[in-house]
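Feature annotations, courtesy of Swiss-Prot:
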- ARG27, GLN28, ALA29, GLY30, ARG31, ASP77, TYR154, THR209, HIS327: substrate binding site (BINDING)
- ASP77: site 'Transition state stabilizer' (SITE)
Amino acid sequence: MLRLKNDRFIRALLRQPVDRTPVWIMRQAGRYLPEYRQLREKVPNFMAFCKTPELACEATLQPLRRFPLDAAIIFSDILTIPDAMGVDLHIAPTVGPVIRNPVRSAQDVNRLQMPPVEEALSYLFDAIRLTVKALDHRVPLIGFAGSPWTLACYMTEGQSSKTFLTARAMLYQQPDVFHTLLQKLTTLTIAYLNAQIKAGADVVMLFDTWGGLLTPSLYRQFSLDYLSQIAAEVVRQKNGRKIPLIFFTKNGGQWLESIANSGCDAVGLDWTTDIGQARRRVGDRVALQGNLDPAILLSNPESISTAAVDILKSYGQGSGHVFNLGHGIDPSTPIENVAALVETVQNFSIKNEEPINSYYR
């Protein structure tokens, strides 16, 4: 197998020497790009778009044509697994995901399908294979999934929410039923990520977007324990190469040490956590990813550069940092501000003194 021409991102995740801090952007393929909006016009239905491998591949590649990013992330959605399980999923243009048959009882959980993922989600794996071929080993490709807790939030609530009160109440009212749902989601997520790796993903990431809504005790029981199970069962080596695993729990800074001990290689931080303090807290256990506030990208290039440099300085010297936002980029972000961010990170490189012997050579 040919080595990656740019393995900076993977090296940083594995805390190996790098020449500069790698950078990519959560939701880097999306509505802030005019070419993406034009592409979406071909298939207005979002899930139908995701299920068209050629379009998903093109959307994945678009940001790399504009910006010298150090990784690509496959264009998809975290709700592909619930969709494959038989929930009646609809993506409303102004509302977001709506599930018309929410899962709120043991009977509802028992009715969920457990399909072979390589068949039910073949479109995603086809998109990965197309993208790997198109990338031609230029940069690594990230595969991803939603955390079981985050997927369960949507499935039980029936739609997006700032509080997911229905989901949280169900933890107290029907904990055994909720655990059964989470275990089903965990089983499928493991198979899903492994199939993405088989198709060609170089890195996999779990988005625990709503983990920060939980109490410390409930976070461990209903989110982190399942993330740890995934970490233990996802393929971590392929053809002699390590496959790094990233966990991102939004508003999860208070549990940073626990997340670092869960079996992942890197922890994503949102913008509410100081990255320098986070580095001191986790030591050399994991790499860190983040953590610029996406809102600053709505300001001006000078403010963006200052904030980015502050984060780079706060992390300090040495490898183990992947620069990213603290959450997904806002659709209204000006293109020139993204360019300013990427340029700043590339130009402000705190180099290692160690010689760089590529992991892939």
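Every residue, even glycine, has its Cβ placed from backbone N, Cα and C.
Mapped onto this structure are the features recorded in Swiss-Prot.
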residue : record                             : DSSP (3 states)
ARG27   : substrate binding site             : coil
ASP77   : site 'Transition state stabilizer' : coil
TYR154  : substrate binding site             : helix
HIS327  : substrate binding site             : coil
Just the number: how many Å between the Cα atoms of ARG27 (substrate binding site) and ASP77 (site 'Transition state stabilizer')?
10
Most Cβ neighbours inside 10 Å, all chains, among the binding-site residues ARG27, ARG31, HIS327:
HIS327
Count of other CB atoms lying within 10 Å of the CB belonging to TYR154 (substrate binding site):
27
Could you tell me which of these recorded positions, ALA29, ASP77, has the greatest number of Cβ atoms within 10 Å of its own Cβ?
ALA29
Could you give the Cα-Cα distance between ALA29 (substrate binding site) and ASP77 (site 'Transition state stabilizer'), in whole Å?
12
Pairwise over ARG27, GLN28, ALA29, GLY30, ARG31, ASP77, TYR154, THR209, HIS327, annotated as binding substrate, what's the top Cα to Cα distance to the nearest Å?
23
